[in-house]
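S.K.: Just passing along the structure, written as structure tokens.
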């Protein structure tokens with residue numbers, strides 16, 4: 001009996017040692033995600049799913065590591081889109097209203113300036129000989145450094161004068177985007193920029209970033225590509241709409257495209273921040289391609305390839321639709337698509353519904369200016 005008890009004891013010890021090795025290798029092979037942030041839990045609380053056969057052999061002394069839980073989708077709150085919707089409608093209306101007033105004031109100022117320049121031209125003709133002698137003597141009294149500075153300023157002025165009105169307008173937009181890009185490199189400002197210069201439907205601040213995010217780029221390449229496209233189409237869009245109407249379309253396109261992005265993110269539960277001028281630029285690009293569909297476009301690095309503006313717009317819209325359907329997340333395809341559709345709608349219907357019916361607003365503004373005592377307009381009078 002003694003030899004029998006010794007044999008049973010030796011068999012039991014070997015069985016326990018062999019079974020204690022199995023769950024360790026099973027946990028490392030089946031559940032490597034344990035290294036991704038979960039703390040070690042006690043062995044009795046481990047799941048049964050991965051090692052049911054091992055439990056039968058080990059008598060329940062060892063269990064598998066629980067699988068990583070799937071994070072729940074963020075809650076969908078459509079009621080949070082009400083304020084962005086009201087802001088979008090109000091901002092768009094105010095943008096085109098302000099553009100109509102600015103265009104009215106600009107025309108008055110240009111007319112008055114042309115009259116004054118005609119008077120000065122007659123006066124300068126009489127004093128031309130005296131002025132030439134005076135400026136010649138003044139130039140000879142300058143040092144070489146002063147002359148170089150004046151020549152540099154003159155070259156910059158000549159370059160600026162050679163730009164089209166659209167390029168001059170876009171230069172200001174590029175400058176604003178460059179300033180914001182530099183601010184992103186300042187660590188102390190990043191929290192402020194994330195709050196106000198990135199659009200996110202899950203954020204507490206949802207309305208103001210709909211405008212400011214259109215002037216925000218974190219990547220240099222992202223900004224350079226967007227600003228190059230905007231520069232390319234600036235002359236065409238401003239010649240078609242005018243400077244003031246272009247600015248209203250650009251700003252409104254940014255807000256509307258952001259709102260479309262809000263709707264898509266809320267509907268799908270894929271909440272996250274976005275930034276960039278792509279929505280506004282897609283509005284401008286779509287407006288030009290809709291107005292001049294036969295225009296020829298090309299690729300910078302492939303000048304041999306050319307295609308019509310209408311086909312280019314169709315390809316871009318199809319690409320964004322594919323991005324939405326397939327769930328691509330590298331770009332905000334919802335914002336791109338929203339901006340493009342707004343540009344197409346404005347050229348087809350919006351220009352007639354909004355811009356051509358601005359006369360009552362202009363008349364009201366004209367009467368309001370004339371009612372202000374002692375406040376002459378840019379041209380000096382109220383008429």
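Cβ atoms are placed via backbone N, Cα and C, with glycine included.
Annotations per Swiss-Prot:
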type: TRANSIT; residues: 1-37; note: transit peptide
type: TOPO_DOM; residues: 38-83; note: topological domain 'Mitochondrial matrix'
type: COMPBIAS; residues: 39-52; note: compositional bias 'Basic and acidic residues'
type: COMPBIAS; residues: 66-75; note: compositional bias 'Pro residues'
type: TRANSMEM; residues: 84-104; note: transmembrane segment
type: TOPO_DOM; residues: 105-168; note: topological domain 'Mitochondrial intermembrane'
type: TRANSMEM; residues: 169-189; note: transmembrane segment
type: TOPO_DOM; residues: 190-219; note: topological domain 'Mitochondrial matrix'
type: TRANSMEM; residues: 220-240; note: transmembrane segment
type: TOPO_DOM; residues: 241-245; note: topological domain 'Mitochondrial intermembrane'
type: TRANSMEM; residues: 246-266; note: transmembrane segment
type: TOPO_DOM; residues: 267-271; note: topological domain 'Mitochondrial matrix'
type: TRANSMEM; residues: 272-292; note: transmembrane segment
type: ACT_SITE; residues: 278; note: active site, nucleophile
type: TOPO_DOM; residues: 293-298; note: topological domain 'Mitochondrial intermembrane'
type: TRANSMEM; residues: 299-319; note: transmembrane segment
type: TOPO_DOM; residues: 320-334; note: topological domain 'Mitochondrial matrix'
type: TRANSMEM; residues: 335-355; note: transmembrane segment
type: ACT_SITE; residues: 336; note: active site
type: TOPO_DOM; residues: 356-383; note: topological domain 'Mitochondrial intermembrane'
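In terms of burial and nearby residues, how do these features look in this structure?
M.R.: In the predicted structure, the topological domain 'Mitochondrial matrix' (38-83) carries a mean pLDDT of 51.
The list of residues near the topological domain 'Mitochondrial matrix' (190-219) in space but at least 6 beyond its ends in sequence, with Cβ under 8 angstroms from a Cβ of it, reads 74, 80-81, 83-84, 87-88, 91, 173, 176-177, 180-181, 183-184, 226, 251, 254-255, 258-259, 261-262, 265-266, 271-277, 279-280.
For the transmembrane segment (246-266), the residues of the chain that approach it from at least six positions outside its boundaries are 76-78, 80-81, 84-85, 87-88, 91-92, 95-96, 98-99, 166, 169, 173, 199, 201, 206, 209-211, 213-214, 237-238, 272, 274, 277-280, 282-284, 287, 324, 332, 334-339, 342-343, 346, judged by C-beta separation under 8 angstroms.
With a 10 A radius on its CB, residue 278 (active site, nucleophile) counts 24 other CB atoms from all the protein chains.
Using a Cβ-Cβ cut-off under 8 Å and counting only residues 6 or more beyond its ends in the same chain, the transmembrane segment (299-319) has close neighbours at 228, 282, 285-286, 288-290, 292-293, 333, 336-337, 340-341, 344.
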S.K.: Could you pull out which residues elsewhere in the chain have a CB under 8 Å from any CB of the transmembrane segment (220-240), counting only those six or more residues past its ends?
M.R.: 164-167, 169-170, 173-174, 177-178, 181, 246, 249, 276-278, 281, 284-285, 287-288, 291-292, 295, 300
S.K.: Any same-chain residues 6+ apart from residue 336 (active site) with CB under 8 Å of its CB? Would you list them in sequence order, or say none?
M.R.: 257, 278, 279, 282, 316, 320
S.K.: Please give the sequence-distant neighbours of the transmembrane segment (169-189): residues at least 6 beyond its ends with Cβ less than 8 Å from one of its Cβ atoms.
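M.R.: For the transmembrane segment (169-189), the nonlocal Cβ contacts are 163, 197, 215-218, 220, 223, 226-227, 230-231, 234, 238, 243, 246-247, 250, 277.
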S.K.: With a Cβ cut-off under 8 Å, give me the same-chain residues at least six positions beyond the ends of the topological domain 'Mitochondrial intermembrane' (241-245) that come close to it.
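M.R.: Long-range Cβ neighbours of the topological domain 'Mitochondrial intermembrane' (241-245): 96, 99-100, 102-103, 106, 165-166, 169, 287, 351, 355.
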S.K.: Looking only at the topological domain 'Mitochondrial matrix' (320-334), how are its residues distributed among DSSP helix, strand and coil?
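M.R.: Helix (H, G, I), strand (E, B), coil: 9 helix, 0 strand, 6 coil.
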